Amino acid sequence: MEYSRIISITGLSGLFELVGSKADGAIVRSLEDKSTKFVSSRIHSFSHLESIEVYTVRDNVNLVELFQAMNASGEALPSEKDPAAVKAYFQKVYGDMDFDRVYGSDMKKMVKWFAILKKNDVEFKLREEEEELVEEEVAEPVAVEEAPAPKAKATKAKAAKAAPAAEAEAGEAAAEAPKKRAPRKKKTEEE
């Protein structure tokens, strides 16, 4: 399961995996009970976890960085019902958090979400980090093949010039062709 497919839905508790999207909502699967259902976007709002940021005393950090720090600390998760224990936990795990602007309810939610994600073995990694690794691997072979590249560009340039001319000819041919008519109605005996 990918971290980039995990969403939070307003009005519904827990986290969900985005299975599919439609114009008027989304099909989601609950990470807690694995039930799949349609959720209307007219009633609920969707937030991808990778787009959520947390206030810190410096720059805001992505929620995944906080989850990575929680995972690396090895501290036992506090009870969600004890706000003082939750705040003390975050002071140990991520001391840079701005406790004046991050509410206790948000910290409770982060503890609950972390427990759900750990239970479902979700890897805490942003999609951008994965793309950067792939781009670095692809960049090395491209540097070796620089000589054939100009020929490919010339071929692409010729194809690009030929494409508008072909489209113009096709457009003229379509304009000159007569339109098909609908078949005539059969006369009935009553008329």
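Think of each number as a place in line: the chain as shown, counted from 1.
Each residue, glycine too, has its Cβ placed from N, Cα and C.
All annotation found in TrEMBL is predicted automatically rather than curated by experts.
Predicted, not measured: the structure shown is a model, and the values here were computed from it.
As written in TrEMBL, here are the features:
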DOMAIN    5-47  domain 'DUF5606'
DOMAIN    52-117  domain 'DUF6852'
REGION    132-191  region 'Disordered'
COMPBIAS  140-152  compositional bias 'Low complexity'
COMPBIAS  160-176  compositional bias 'Low complexity'
COMPBIAS  180-191  compositional bias 'Basic residues'
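Look at the domain 'DUF6852' (52-117): DSSP puts its residues at 36 helix, 6 strand, 24 coil.
For the domain 'DUF5606' (5-47), the number of residues in each DSSP class (helix H, G, I; strand E, B; coil) is 1 helix, 24 strand, 18 coil.
Mean pLDDT across the domain 'DUF5606' (5-47) comes to 94 in this model.
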